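Peer 1: Starting off with a structure, shown below.
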Amino acid sequence: MDRGLPGPATPAVTPQPPARPQDDEEAAAPHAAAGPDGQLGTVEQRLEPAKRAAHNIHKRLQACLQGQSGADMDKRVKKLPLMALSTTMAESFKELDPDSSMGKALEMSCAIQNQLARILAEFEMTLERDVLQPLSRLSEEELPAILKHKKSLQKLVSDWNTLKSRLSQATKNSGSSQGLGGSPGSHSHTTMANKVETLKEEEEELKRKVEQCRDEYLADLYHFVTKEDSYANYFIRLLEIQADYHRRSLSSLDTALAELRENHGQADHSPSMTATHFPRVYGVSLATHLQELGREIALPIEACVMMLLSEGMKEEGLFRLAAGASVLKRLKQTMASDPHSLEEFCSDPHAVAGALKSYLRELPEPLMTFDLYDDWMRAASLKEPGARLQALQEVCSRLPPENLSNLRYLMKFLARLAEEQEVNKMTPSNIAIVLGPNLLWPPEKEGDQAQLDAASVSSIQVVGVVEALIQSADTLFPGDINFNVSGLFSAVTLQDTVSDRLASEELPSTAVPTPATTPAPAPAPAPAPAPALASAATKERTESEVPPRPASPKVTRSPPETAAPVEDMARRSTGSLAAAVETASGRQALVVGKPSPYMFECITENFSIDPARTLMVGDRLETDILFGHRCGMTTVLTLTGVSRLEEAQAYLAAGQHDLVPHYYVESIADLTEGLED
């Protein structure tokens, strides 16, 4: 045998097992696990742009907010530039003549800026709730969670591919070792085989994690697809909120502009104004109003009742104390133009009560009808209670259906109001005195010289009819009643929602201020304040705690003259038809409450007040009483809500001296010249 140089070694060929189907699956697994293909792949490409869009739009929308983000209504309104503008206007028009064109325009502008600020605050709060918060969750929570799953899947797939490469290399090394002559039982072969087994187990575990993560990621993508339409609705909702905000703002501005132009005698030819049509509410017949709006209960009746149930049932002197003229006028205009924006008036129950009285008073025909006037009077004249009740029931049955429904609704409410008489001081008799002349009055007869005297007699009978209706409401109008008939107003529970903040307050002992220009005489002991006085004083303190509303200022005239004390202090019960009066000393009077326009005229024309002072709605100040007979004695004057002759007559006829003591005048006519019809 020749011994030469060794030839090249022939590598041992290790037989490879035939390819298995699962090997093909594993080869394709990294690609399949890397992410979805097809339609879901397209969805996957939309994730990052959607996240960026939600984030950027949320950021820009947040920058559009003018109020304090996340704050409640009151705090937000105070921070708005519009409210700062309204406050500046309110401070400015106090220095102007309120009867001047600029003063009137500035006062109305102040009120409208206040209203626009509240509309803006409501818009921003709705925007935060319905758009900003959902966009924040989408960009900061929902989409980042999906993208996090995607990133986790990519990392797992990368780790899996690395491990598969190591396993493949280890398998090759194990085969090479066996081909080079390593015996199956050798230490190196055993070590290599163990390594391969370990890598296979790790690869199987990692493969399971990849599949689990991929399933979760695909589920996230499917969830995103199903919710894409709801995400799009965020932007639709944004436009809806903006449209509602601009509509409400435009309605408020149109109403204010119409009033301003009317006051300035300028006819408005603006297309936007002439094209706007508001349903008729005040001054139109009940049947026409109900037909135009498709309602069962008149809008002012239901709206005012719902607001009073919410905030006013325990308000002392409700329906008796008058609201500010500007507030009442704005409430009536809002009732016709935008009844969904009445929330701001809930905190002023006297304005709400005034709006209800005004609606009943402005009906072309009284709610209890002209046709049945004589029948009501005959029923009231019956002395026997049972016969009177039966007669009233018979007259009620003859009312037109729409009148009966609204009268039943109103009487049920007034009966509930009377249940709180211990707090609100409004007994069925007091309620009837105030509201009776607004529910029924005789038909006008031209040329009837005796109508004034007849009105005084009929007022007494009307009060008796209405008082009986209130006292017997459950008998005359059986069954429970749902005051939220239309479903347009928030349901209220009287025991839970009626505020009793005024019921627990008392008039402070320091309530009577003394002007710096007039030395105050030593007052004689006076009786306790009348209910109306306490109510007005407590209301003034309460209103100082809520956001201020522009009042109706009246600049007064000459300064008062200091008068000598009255010699006869025994004379008592002096006052006006529209005032509760108590005698004190000197010739000074304390004016408390919210005067009606008529009482404003009486005060500004007949009172002498320091010209440095400005008479505002709700102010209290000392002055001389100079209208009627100059009684020459001190009085404490509390203005009430009497604004019609019939109401004044009803006060006197009922002998309600706690409400309206007699005034020393020649006749009722002495005080009726300025009364509004």
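Any Cβ shown, glycine's included, is placed from N, Cα and C.
In case it helps, Swiss-Prot gives these features for our protein:
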{"type": "REGION", "residues": "1-39", "note": "region 'Disordered'"}
{"type": "COMPBIAS", "residues": "1-13", "note": "compositional bias 'Low complexity'"}
{"type": "COMPBIAS", "residues": "29-39", "note": "compositional bias 'Low complexity'"}
{"type": "REGION", "residues": "168-190", "note": "region 'Disordered'"}
{"type": "MOD_RES", "residues": "SER183", "note": "phosphoserine"}
{"type": "MOD_RES", "residues": "SER270", "note": "phosphoserine"}
{"type": "MOD_RES", "residues": "SER272", "note": "phosphoserine"}
{"type": "DOMAIN", "residues": "284-477", "note": "domain 'Rho-GAP'"}
{"type": "SITE", "residues": "ARG320", "note": "site 'Arginine finger'"}
{"type": "REGION", "residues": "504-577", "note": "region 'Disordered'"}
{"type": "MOD_RES", "residues": "SER552", "note": "phosphoserine"}
{"type": "MOD_RES", "residues": "SER558", "note": "phosphoserine"}
{"type": "REGION", "residues": "574-677", "note": "region 'Mediates non-covalent binding of poly-ubiquitin chains'"}
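Thinking about packing and proximity, how do these listed features fit into the structure?
Peer 2: Across the domain 'Rho-GAP' (284-477), the model assigns an average pLDDT of 87.
Under the DSSP three-state reduction, ARG320 (site 'Arginine finger') is assigned to coil, being neither helix nor strand.
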Peer 1: Counting across all protein chains shown, how many other Cβ atoms sit within 10 Å of the Cβ of ARG320 (site 'Arginine finger')?
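Peer 2: Result for ARG320 (site 'Arginine finger'): 28 neighbouring Cβ atoms inside 10 Å.
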